[in-house]
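First the structure, which I've put down as structure tokens, then a few questions once you've had a look.
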Amino acid sequence: MTRPKFRGAAAGLDELEWQMKAACRGVSTDIFYYAETQRGALRKQYEVQAKQICNECPVRAHCAAHAIRTDEPHGVWGAMTTRERRLAMTRSRRRTVVSEQATS
């Protein structure tokens, strides 16, 4: 199982403040970081549990934005799986390209 690396020094103090308000603070990271080999129903179960916590979190948007900005490769962040974050990044890049083409 891959665990997150502490990114506090690189993130800066302001970046860490939202984490103090996170609903997942103090919750086992096993819920958010399942083994890469897990598939199917078991993986879905972990994702559902993590997203339930995230959906009640007051800093969910900060969390998702942080994971996207830092290209976090593992786990559920801001109620988004790694795959969902990658899709969001791809869509965002496409919108940027279309917008830039429209203004040229």
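Just so you know, glycine gets a Cβ as well, placed from its N, Cα and C.
Among the features that TrEMBL reports, [4Fe-4S] cluster binding site is placed at C24, C54, C57, C63. Summarising the annotation, TrEMBL assigns domain '4Fe-4S Wbl-type' to 23-87.
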Starting from the Cβ of C54 ([4Fe-4S] cluster binding site), draw a 10 Å sphere and report how many other Cβ atoms land inside it.
21
What is the Cβ neighbour count of C24 ([4Fe-4S] cluster binding site) at a 10 Å cut-off, with all protein chains included?
20
With DSSP helix as H/G/I and strand as E/B, how many residues of the domain '4Fe-4S Wbl-type' (23-87) fall in helix, strand and coil?
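Residue counts in helix, strand and coil order: 35 helix, 2 strand, 28 coil.
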Within 10 angstroms of the C-beta of C57 ([4Fe-4S] cluster binding site), what count of other C-beta atoms is obtained when all protein chains are considered?
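Taking every protein chain into account, the count is 19.
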Using the centroid of the Cβ atoms of C24, C54, C57, C63 as reference, list every other same-chain residue with Cβ within 8 Å of it (recorded [4Fe-4S] cluster site), in sequence order.
A22, A23, I53, V59, R60, W77, G78, A79
Enter the number of other CB atoms within 10 angstroms of the CB of C63 ([4Fe-4S] cluster binding site).
23
